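Visitor: Take this structure first; my questions come after.
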Amino acid sequence: MFCHTEHNQRLFLRRFVLRMESAVEVQRGAAAIKEQFLTTKEQFHEFLASGRPRQSTDEADGDSEEPSGEPEQKRVRLDSDGDKKKKKRGQNKSRPHVKPQSYEDRRLCPSIVQERDTKCFYGEKCRFLHDASEYMSTKAADLSDQCYLFNSFGWCQYGVTCRFAKAHTSPELKNLRNQDLCRRSTDTVRNLLDKELQRRLRKKQERFPGAEAYLKTVSRGEKPASNREENLSGAGHTQSSTNQIFWSVLQDGADAPVKTVGPITDADIIKLRPCEKKQVDFRDKLYLAPLTTCGNLPFRRVCKRFGADITCGEMAMCTNLLQGQTSEWALLKRHASEDLFGVQLEGCFPDTMTRCAELLNQNIDVDFVDINSGCPIDLVYKKGGGCGLMTRTSKFEQIVRGMNSVLDVPLTVKIRTGVQQNCSIAHKLIPEMKKWGVSLITLHGRSREQRYTKSADWEYIDTCSKLAAPVPLFGNGDILSYEDAMKARETGVSGIMVARGALIKPWLFTEIKENRHWDISSGERLDILRDFTNYGLEHWGSDTQGVEKTRSFLLEWLSFLCRYIPVGLLERVPQKINERPPFYMGRDYMESLMASQHVDDWIQIRSKTEFGKNFTFHRAPKI
């Protein structure tokens, strides 16, 4: 009888534990917010609608104002519309492309915008307008009477085409200048694409002697040397071979391995040894990950201001760089505030990657070059790039050794744990990469198949960090607070890479360095967005095309910022990166607006940040 009762008690406890575990599983993934701030979806959207600007009576009667030239506001879909048209699911590849092909129907000729003394090169064949008055009659209305570029640098290169032209345009439609501010240096961006270099790349006239020499050794089946010192000190590199190179350079200046000005020195002929390469101290640094689309130059400037130590450009395709594509070269631009900056290359063949590395080594200013062998998207993976390199070790080795042979800066690699979910291979690759000459390894604690469905495996990162020593290894995954960073540092990694955490709250770098939770106000967050907008106008331009680009990238970023939950509203600190925020009322209207995941509300936030418009914060109602 006693045994039967004990069995029932154990069965009851087991069922109770399973019931509790299932209840926790239901709540898992939702952030714990204080009860007084929680609300329902209907009340949340009703409160946000109460603060939106209402339609004027004239517009309601049909007497609309003159067109402003701004994009039409997206119509809100009503519930009744759902019966008329079935909602599409999946990737919706047949959706119409709404990206504008041209931002203005009638554009002003650059010769008039820049106020050149000479006439237009194309003359009567030019397809642009040459009458500034005619252009102004069709131009969209200015957005504000203050121009950020003019106020910062004393002049605006976009002249009358600027969407803030009234701030720096005379009645005669001449571009004004503030001579006191013009003395400031406007050369804040480096790594611009030279037109002559672009011409040579498009005509395939650019030569890559270092890459060709390496590829010949690969084609002959020779095992590549592990570093430059072996290449230079080997039996094949004698004094006579150096003299041959010297005399060939003297006979034909076009065959010079590098551009020379004046006498040829030893540095023009003999490459640097590994010990003479530029050294970078990566240890104990906060690394802003190369983020596609959102990791643009204005965003990196924001993160740099909050304490990011290392920044890296967005992933660039090596084949597009070799073709001289302007849009791809724009990903390599570097701001003056980025004191430790690198670029990330994607490719799957040793020849293109080695040539691209030599091209960048000679033409841009970077502190390191990173190989992307962790990109999970199908477009890259199916070609053999990204994560595909992890399973093609022979090609991977040839790429690393080839790029190392032509670079004067450190070469780094970013990888994942593996391709399949339950088959990690990073621990097998890391010892090999040490032999190949990699200067830094960054490991994302997920496989390609996992994407973001599972938490990052920091125990595995810890194991790999020990295998990588003495090469520094950075860990990446699920860092959203300084407590997450402290736990990550306990694993023995040399540094931390921050990706999604920086998109959700760019002030994360300040929190980590100061070991605190920052209960940032909605006004401070709005100022961050205003700074991003100003940086965007400076980077992409203040004309119609530049304004539209700044808007699109700001809206893209807001899709991540809305996931942040203010510290003062949390029941349990800190917020976890995979916890979704429930519907809640912020401490003022703007804080609630920033929590919305509706695109119309993001557009409203954008309008508050763009042009210095004042905004009155009013308190949210108590629930």
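Using N, Cα and C of the backbone, Cβ positions are placed for all residues, glycine too.
Dumping what TrEMBL says about this protein:
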type     : residues : note
REGION   : 48-106   : region 'Disordered'
COMPBIAS : 58-69    : compositional bias 'Acidic residues'
COMPBIAS : 71-84    : compositional bias 'Basic and acidic residues'
COMPBIAS : 85-98    : compositional bias 'Basic residues'
ZN_FING  : 103-133  : zinc finger
DOMAIN   : 103-133  : domain 'C3H1-type'
ZN_FING  : 146-171  : zinc finger
DOMAIN   : 146-171  : domain 'C3H1-type'
COMPBIAS : 219-231  : compositional bias 'Basic and acidic residues'
REGION   : 219-239  : region 'Disordered'
Visitor: By DSSP, what is the split of the zinc finger (146-171) into helix, strand and coil residues?
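Guide: DSSP classes over the zinc finger (146-171) add up to 12 helix, 1 strand, 13 coil.
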Visitor: Using DSSP, tally how many residues of the domain 'C3H1-type' (103-133) sit in helix, strand and coil.
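Guide: Taking the domain 'C3H1-type' (103-133) as a whole: 9 helix, 2 strand, 20 coil.
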Visitor: Could you give the mean pLDDT over the domain 'C3H1-type' (103-133), rounded to a whole number?
Guide: 86
